[in-house]
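TrEMBL lists A:12-39 with the feature coiled coil. Positions annotated as ATP binding site by TrEMBL: A:Gly109, A:Asp130, A:Asn137, A:Asn138, A:Leu139, A:His140, A:Arg141, A:Lys154, A:Asp198, A:Asn199. Look at TrEMBL and you will find A:Cys239, A:Cys242, A:Cys314, A:Cys317 tagged as Zn(2+) binding site. The active site, glycyl thioester intermediate feature in TrEMBL is assigned to A:Cys256. Taken from TrEMBL, the feature domain 'Rhodanese' covers A:361-440. Among the features that TrEMBL reports, active site, cysteine persulfide intermediate is placed at A:Cys400.
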Amino acid sequence: MDSKEIGCGSCGADLLGEIERLRAEKEELESRIHLLEAQIKPGGAAEKDRSGNCSLSSLSCPQMNGATLSGLSPKMIHRYSRHLLLPDFGVEGQLKLSKSSILVVGAGGLGSPVAMYLASCGVGCLGIVDSDIVELNNLHRQIIHTEAYVGQSKVKSAASSCHAINSSVKLVEHREALQAVNALDIVSKYDIVVDATDNLPSRYMISDCCVLLDKPLVSGAALGMEGQLTVYNYNGGPCYRCLFPTPPPSTACQRCSDSGVLGVVPGVIGCLQALEAIKVASAVGEPLSGRMLLFDALSSRTRTVKIRGRSPLCPICGENAAFTRENFQSFDYENFTQSPMSDRSSEKLNLIPESSRITAIPKSMNIPLSNLEDKLSTIDSALKQAAQDSGKCASLFVVCRRGNDSQRAVDYLSKNGFPLAKDIVGGLQSWSQDVDHTFPSY
Amino acid sequence: MTEEPKDTCDVIGSQKTNPSQDKDLAPYIKIKVLFFARARDLTGSTEICLEMPDGSTARDCMSKLLIEFPNLQEIYNSMVLALNEEYAPESTILKDKDELAIIPPISGG
Ligand SMILES: [Zn+2]
């Protein structure tokens with residue numbers, strides 16, 4: 001107790017000193033702000049124009065964020081003062097940012113930090129497009145969403161978070177999936193596009209759309225412990241198809257919902273995407289065009305690799321490219337990549353985790369589909385053992401996570417000596433919903 | 001993790017057919033190969049060393065990798081190949097201690 005009182009005495013002196021210092025710092029800042037204000041407001045009397053300037057924009061997405069015609073409002077100067085003090089960014093950077101409109105495609109692990117930073121830094125207009133619903137198993141990485149929004153639209157949740165952070169940013173909610181049929185309409189309203197999606201067909205589609213509409217594309221991706229980042233279609237730089245003219249097989253491009261991802265990894269990449277978007281919007285620095293940043297969380301290493309320039313042979317952005325808006329709208333991206341846009345129908349033979357140690361039904365054997373061939377004798381002896389124990393003929397049921405692999409397994413088993421094998425329709429997800437509510441779904 | 005010295009990473013490329021002691025007769029170069037994303041799953045490694053005959057190209061190096069790791073075929077047609085952190089056509093001639101990175105795209109988020 002004694003020490004506490006003594007501590008408080010000296011603490012008081014410390015606090016007074018700190019207050020003194022902060023006051024001095026505040027005065028210093030205020031005088032610098034006044035100087036800056038004087039520079040950007042000829043006549044110094046533009047304050048009254050503060051609001052209502054959004055309507056000056058002819059676009060449906062207003063590109064002003066409380067900025068006056070000639071500069072920043074006093075409120076903005078206060079809010080973004082730390083930006084304004086940056087020699088490399090300053091008033092000019094903030095003004096450009098406040099007049100820019102940015103579309104974030106995907107409000108998931110990547111899109112969360114992107115949208116939050118773009119809102120907080122004061123872009124003029126922020127559009128968010130996604131058709132998904134917030135799920136509990138999103139929250140470990142999709143930090144823009146809170147438990148209260150589980151079951152609700154991701155876009156609604158993201159927009160509400162962004163509004164809470166910065167109510168002066170114009171938010172546009174696109175509660176739909178970005179697809180070839182609506183992408184031209186939506187993307188054309190923005191200056192910059194951020195690809196924060198989680199699937200291959202969307203990546204090709206967004207890149208093609210950005211080439212057609214001549215929009216810079218800040219593209220990020222994350223899976224497992226790794227991330228990648230590139231700015232495409234910027235200042236004559238390459239597009240996604242210049243780099244990857246042939247889509248990889250779907251097995252090579254897995255999803256977080258199948259392979260897992262450490263939550264903070266898309267967070268890191270999303271922050272870098274926000275940074276690149278801010279750089280492009282404010283025309284500050286050197287955007288990551290013609291280069292790819294590789295992030296390896298396990299070894300804490302980042303590398304930046306120079307990638308090829310625009311390919312003259314690229315079917316979309318190359319010299320003789322004849323890809324029209326009509327071609328785009330009728331292009332089947334899911335067929336092109338052999339991979340679905342929606343995560344919810346993403347089940348593919350090789351996408352299931354090889355061996356699930358996550359959950360198991362009691363009295364079951366866990367066999368990855370790829371090993372089934374080698375395990376026929378094990379199944380056979382297990383059935384015989386079960387028959388011996390119960391004195392009845394044992395039945396064989398097959399279950400997988402969502403019910404597709406088990407169909408294939410039953411098909412295989414019935415042709416290989418187990419004609420009575422039966423499939424549990426709907427997989428472990430249905431088991432958890434319909435049979436055992438305490439059984440975890442993933 | 002500390003940076004692994006270049007000459008101590010796993011050497012792939014059998015010592016019997018490419019004996020290093022024959023260096024005087026047929027000079028060999030050592031190439032460090034870095035794998036990213038799916039290439040890590042397919043090879044089970046993040047990096048390996050390859051011994052290649054002097055004058056080999058990036059394409060020769062890929063051919064050798066495809067023999068060592070036939071699974072790599074899966075991503076061979078859609079990956080970024082970077083030599084010493086720069087884009088390089090497959091016809092580029094490799095030098096001793098070059099670093100070849102195999103980078104398939106990631107699509108998750
Ligand atoms: Zn291109």
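Placement of Cβ uses the backbone N, Cα and C atoms for every residue, glycine included.
Annotated features, which come from TrEMBL, shown on the structure.
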residue  : record                                        : Cβ within 10 Å
A:Gly109 : ATP binding site                              : 31
A:Asn137 : ATP binding site                              : 13
A:Leu139 : ATP binding site                              : 17
A:Arg141 : ATP binding site                              : 23
A:Asp198 : ATP binding site                              : 27
A:Cys239 : Zn(2+) binding site                           : 24
A:Cys256 : active site, glycyl thioester intermediate    : 24
A:Cys314 : Zn(2+) binding site                           : 20
A:Cys317 : Zn(2+) binding site                           : 25
A:Cys400 : active site, cysteine persulfide intermediate : 23
Listed in sequence order, residues not in A:Cys239, A:Cys242, A:Cys314, A:Cys317 with Cβ within 8 Å of the centre of the Zn(2+) site Cβ atoms:
A:Ser207, A:Val211, A:Asn233, A:Pro238, A:Tyr240, A:Arg241, A:Leu243, A:Arg310, A:Ser311, A:Ile316, A:Gly318, A:Ala321
Three-state secondary structure, which DSSP defines for A:Cys256 (active site, glycyl thioester intermediate):
helix
Should we count any of the recorded positions A:Cys239, A:Cys256, A:Cys314 as near ligand 1, judged by a CB under 6 A from one of its atoms, and which?
A:Cys239, A:Cys314
Pop the Cα-Cα gap between A:Cys314 (Zn(2+) binding site) and A:Arg141 (ATP binding site) into the table, whole Å please.
35
Give me the mean pLDDT over the domain 'Rhodanese' (A:361-440), rounded to a whole number.
76
Cβ under 8 Å from chain B: which of the recorded positions A:Asn137, A:Leu139, A:Asp198, A:Cys256, A:Cys314, A:Cys317 qualify?
A:Asp198, A:Cys256
When the domain 'Rhodanese' (A:361-440) is classified with DSSP, how many of its residues are helical, how many are strand and how many are coil?
41 helix, 4 strand, 35 coil
List the same-chain residues at least 6 positions away in sequence whose Cβ sits under 8 Å from the Cβ of A:Cys242 (Zn(2+) binding site), in sequence order, or say none.
A:Arg308, A:Gly309, A:Arg310, A:Ser311, A:Cys314, A:Cys317, A:Gly318
Give the distance between the Cα atoms of A:Asp198 (ATP binding site) and A:Cys400 (active site, cysteine persulfide intermediate), rounded to the nearest whole Å.
23
Roughly how many angstrom lie between the C-alpha atoms of A:Gly109 (ATP binding site) and the residue listed as 'active site, cysteine persulfide intermediate'?
26
Taking the Cα atoms as reference points, how far is A:Cys239 (Zn(2+) binding site) from A:Leu139 (ATP binding site) in Å?
32
What is the separation, in Å, between the Cα atoms of the residue listed as 'active site, glycyl thioester intermediate' and A:Leu139 (ATP binding site)?
13
What is the maximum Cα to Cα distance, in Å and rounded to a whole number, among the residues A:Gly109, A:Asp130, A:Asn137, A:Asn138, A:Leu139, A:His140, A:Arg141, A:Lys154, A:Asp198, A:Asn199 annotated as binding ATP?
19
Using C-alpha atoms only, work out the spacing between A:Asn137 (ATP binding site) and A:Cys400 (active site, cysteine persulfide intermediate) and round it to an integer in Å.
19
